[in-house]
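Worksheet: one structure, shown below.
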């Protein structure tokens, strides 16, 4: 094996049960939202197109990390091959960067819908939405391949023990022999470009949305405009808060215990909360989910 994951002290079974529960809720919730959007013609709009992409991404994101994490919690076989570690790192970066770009695309969609409603249909056409999604997934793939290749071109000192739940960048980089300052600088630059730049686009979009909402004469119009953005803003806060704390902190401030908690939050907790946030705060999604599950038919028959 290339390395093994460090043993988690304390109640491993309790942690295993908690993570497994979050994993199952995440898989079920995101699958249902993607299915509901695909099967409901009323939801074939740019906003829900990006939401379906986000749900599919969350499924891949959790599946790339959590199964191996669960195995390492309850099994003595905590080892992972070099190829397995590189593959896990690639998919983790791929889905993470793609999520940053998709969240920015979703913010741009809300900006166009609220600030330029007369031109919304033409400027956010199916072709434009498809291009934004392709660029998002493509950016994730390029950054994932580049960062993974850059890190695994290094020499690693053995025996290796990764002080983490999975093959994340900082703990794997800590196993490398010699000077890794160039790699650390590359990770920081990639984090600034691919995490902070989309975040600036999101912030600028919402600043313009807020200005447009404040000048709306109707109170009902202001409430409706803000309600379409609230779920997205909450998801952005959860995702960017945890990832920024991990990848934009100075190396001296890193603590393995804090890094593990943050990683658990943005891989398991946010993926579980996203479908809950979007379904609870959106009547159209709730209606589509009810139709998908056949709940309305059941309620009608009971009456």
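Note that Cβ sites are derived from N, Cα and C of the backbone, with glycine treated the same way.
Just so it is clear, the model here is predicted, and its values are computed rather than measured.
Record features (TrEMBL):
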type: DOMAIN; residues: 29-278; note: domain 'G-protein coupled receptors family 1 profile'
type: TRANSMEM; residues: 13-36; note: transmembrane segment
type: TRANSMEM; residues: 48-70; note: transmembrane segment
type: TRANSMEM; residues: 90-108; note: transmembrane segment
type: TRANSMEM; residues: 128-146; note: transmembrane segment
type: TRANSMEM; residues: 185-213; note: transmembrane segment
type: TRANSMEM; residues: 225-241; note: transmembrane segment
type: TRANSMEM; residues: 261-280; note: transmembrane segment
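If you take every residue in the domain 'G-protein coupled receptors family 1 profile' (29-278) and average the pLDDT, you get 86. Long-range contacts of the transmembrane segment (225-241) within the same chain: residues 47, 99-100, 103, 106-107, 110, 113-114, 195, 199, 202, 206, 209, 212-213, 216, 266, 269-270, 273-274, 277-278, 281-282, each at least 6 residues beyond the stretch ends and with a Cβ under 8 Å from a Cβ of the stretch. Under 8 Å from some Cβ of the transmembrane segment (261-280) lie the Cβ atoms of residues 19, 22-23, 25-26, 29-30, 32-33, 51, 54-55, 58, 61-62, 65-66, 69, 164-166, 168, 231, 234-235, 238-239, 242-243, 245-246, 286, 289, all in the same chain and six or more residues away from its ends.
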